[in-house]
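These notes are about the structure you will find just below.
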Amino acid sequence: MKTLGIIGYGSIARTLLAILRAQLAEPLAAIHVLTKADYSKKTKAALLVDSIDVADYAQIHIHSDSFFGCNPDLVIECAGHGAVQEYATLSLLKGIETIVTSVGSLSDVSLYTELIEAADKGRTHLVLPAGAVGGIDVLAGASMSGVRSVIYSARKPPLAWKNTPAEDVLSLEHLMEPAVFYEGNAREAARDYPKNANVAATIALAGAGFEKTRVRLIADPNVTNNVHEYEVTSEAANVFIRIEGRPSPTNAKTSLPTAYSLAREVINRVSTVTI
């Protein structure tokens, strides 16, 4: 892999390049970033600095035609559900391996089906990264043996649930003890809490599916970081995973493990050994 394409250039993408600067054995040939016209000046200035020692050449694009015309070897979506709907199908149809970071968007059955068909027609791969959660290889392997149950719990500080339906059932500012305010399946959770859907969707797609993956959302004044836990019962193994993700220093809403997961995807494609 020589040329990397990135859709969106917010905190996740910038953190990704910072990690690659430290981890790549040698720079990529080029990085191309697709951004909105309103953000083009800001993105260009940031990319000029961020791409040093990461790629020999870096360019921003405000039109998808010019972006895909550069024929990136790999495209990483870092811009949210809307970007998946707008660009992922096109990327796959062009035969470009495409990483969808906003996995929660795939709770939309029609969109997920469309992307699978596009990848098939383009003879390429739709890649769903582990993102903010770990142990996905164990879960995906266990799912082949037959999964009996999957329960995912997201535990966050109360104020991290502001501007979500949690405010309708809890007084977040005055919460003194952990409170479960939502229980449902992964598809319902993705619909009702779209900004918190990516981990639930990743676990569902790797394991028992959206309908069979139970989700619990918890406001907990005793934690300071986002905590992801899931428990799997299967014929191959019983698994319990707990991840306490730290936020990005530049954006508290961005999980550092997500950026490192994306960096691992890139490094696996330029390294002799893949892990």
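Yeah, the Cβs are placed from backbone N, Cα and C, and that goes for glycine too.
Lifted from TrEMBL, the feature list:
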ACT_SITE  His228  active site
BINDING   Ala132, Asn198  NAD(+) binding site
DOMAIN    8-129  domain 'Aspartate/homoserine dehydrogenase NAD-binding'
DOMAIN    177-262  domain 'Aspartate dehydrogenase'
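Residue counts for the domain 'Aspartate dehydrogenase' (177-262) under DSSP (helix as H, G, I; strand as E, B; rest coil) come to 27 helix, 38 strand, 21 coil. Helix, strand and coil counts under DSSP for the domain 'Aspartate/homoserine dehydrogenase NAD-binding' (8-129) come to 65 helix, 21 strand, 36 coil. Averaged across the domain 'Aspartate/homoserine dehydrogenase NAD-binding' (8-129), pLDDT in this predicted model comes to 97. Residue pair Asn198 (NAD(+) binding site) / the residue listed as 'active site' shows a Cα separation of 11 Å. Between the alpha carbons (Cα) of Ala132 (NAD(+) binding site) and the residue listed as 'active site' lies a span of roughly 8 Å.
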